[in-house]
Amino acid sequence: MRHSWKGYVQYAWGADELLPVSRRGGTAFCNTGATLLDALGTLWIMGMRKEFGRARDWVADEMSFDLNCQTSLFELVIRAVGGLLSAYDLSGDQVFLTKAQAIADRMMPAFDTPTGIPRGTINLGTQVSQATSWAGGANGAVLSELGSVQMEFIHLSRLTGEPKYGVAADRIIKFLNATFDQASGLVPLYINLETGTASSGQVGVGALADSYYEYLLKVWVLKGRTDEMYRGMWVRAMDEVLKRLVGTSSDGLQYVGDINGGVFVQRLEHLTCFVAGNLALGVHTGAVNGTRAENYMALARNLTNTCYQMYRHMPTGLGPEQVSFQTGVMSKVTGYNILRPEVVESIFMMHRITNDSIYRDMGWTIFQAFETYSKVESGGYSGVVDVGISPPTLDDKMQSFWLAETLKYLYLLFSPSSTIPLSDWVFNTEAHPFRLGEPAARINSTAAAAAVESMS
């Protein structure tokens, strides 16, 4: 973490990303300081308080919302709002909550649609929002994006006592539950935000879908395990995953694919590897029990192993973006590695829940591969173009989630279970921990009812 942070501070301070090979900053998210915001919680948890303090001062004094630039609403929510809320939960510093609310307020016009599904991009300066043009048509919305604002907006309402954020987030899920979820727990990847109709027949739990399913469980946890709509939707979805999306290779590796045009696609995406940890968390928190819990944990163990084998099968020891099992055995399809966290996320979760040391062995092996092939001597780490070529070519980008997620989960894997215990915290999809419990009671029910009425 210190090496990553050193490179960012020296060459890209305040920028969205560090380009470690060319030693400069990148502007992937309209210069909102994505890496700095994503790193706040990791700096705090690792005890890097001096570095955290400097980042805090940037948030207080230099962070600007007057940015005339269109960027992803989803990416800003999980990084900026999520990172700031987590920094508030960890440190208690009011500046983070104030800034999180200010950003969220500028996003609210995006939710003004007939279905409540937000438009996919937002200009923070003008507050003009637009649909994601590539997502199945002119009014398209992506499942993983529309279903991954709930934790942040619900938690913001819990912390501020202002219900409008949580109301807007819940409205989306209520709409999906009424429209899609009765026959099957799996929802199409693209949805028309004006009409609510599906724009795609493809279903899966990987790219374009992943964090929607992740949040169904985690919102239930965040709400004190009381909202049966969220839990029920998650259980129905995971039941469908076990029934329709699981395959087994000829050498016994179990994986989760997807369905396109009614046909099962025999592949595993790196993004899909989050499912293992999500299933284990569901069992751990009591979302399921009995035989269903046993089946969920069996898949969690097997999928974690398969995801680890994605790394072990490559000459660099780094996992590819996607593998295929069409020939019966694992083969690389998309060879790049951009420092993604999903595999170490599930390894961490499995270790926390089972206390099996094999998961620390897995994590250490993966960390060593990153050290060998992704580390840039002048500071920072880089993704690689093809994990099947040793030594690989670097892609010259340190994604912000490397600091927010990958390094945090690796650190917590080797930390005592009392460090960010699962009984007290729940992670958003960017690995920002939100504190459980109070202050949920601060939300005024009358104000919440009024907010619901105003959005109907």
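Including glycine, each Cβ sits where the backbone N, Cα and C put it.
Now, the feature entries from TrEMBL:
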ACT_SITE  GLU75  active site, proton donor
ACT_SITE  ASP210  active site
ACT_SITE  GLU321  active site, proton donor
ACT_SITE  GLU342  active site
BINDING   THR429  Ca(2+) binding site
DISULFID  CYS273-CYS307  disulfide bond
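Separation of the C-alpha atoms of CYS273 (disulfide bond) and GLU342 (active site): 5 Å, rounded to the nearest whole number.
Following the DSSP three-state reduction, the secondary structure of the residue listed as 'Ca(2+) binding site' is coil. Neighbours of GLU321 (active site, proton donor), defined as other CB atoms within 10 A of its CB across all chains, total 19.
The active-site residues examined here are GLU75, ASP210, GLU342; by Cβ neighbour count within 10 Å, the least packed of them is GLU75. Looking only at the recorded positions ASP210, CYS307, GLU321, GLU342, the one with its C-alpha closest to GLU75 (active site, proton donor) is ASP210.
When the recorded positions GLU321, GLU342, THR429 are screened for a C-alpha within 10 angstroms of the C-alpha of CYS307 (disulfide bond), the residues that qualify, in sequence order, are GLU342. Cα to Cα, ASP210 (active site) and GLU342 (active site) are separated by 10 Å. Around the Cβ of THR429 (Ca(2+) binding site), the same chain contributes ILE78, GLY82, SER148, MET151, ASP210, SER211, GLU214, TYR215, each under 8 angstroms and 6 or more positions distant in sequence. Annotation note: GLU342 (active site) sits in a helical segment as assigned by DSSP.
The 10 Å shell around the Cβ of CYS307 (disulfide bond) contains 30 further Cβ atoms across the protein chains shown.
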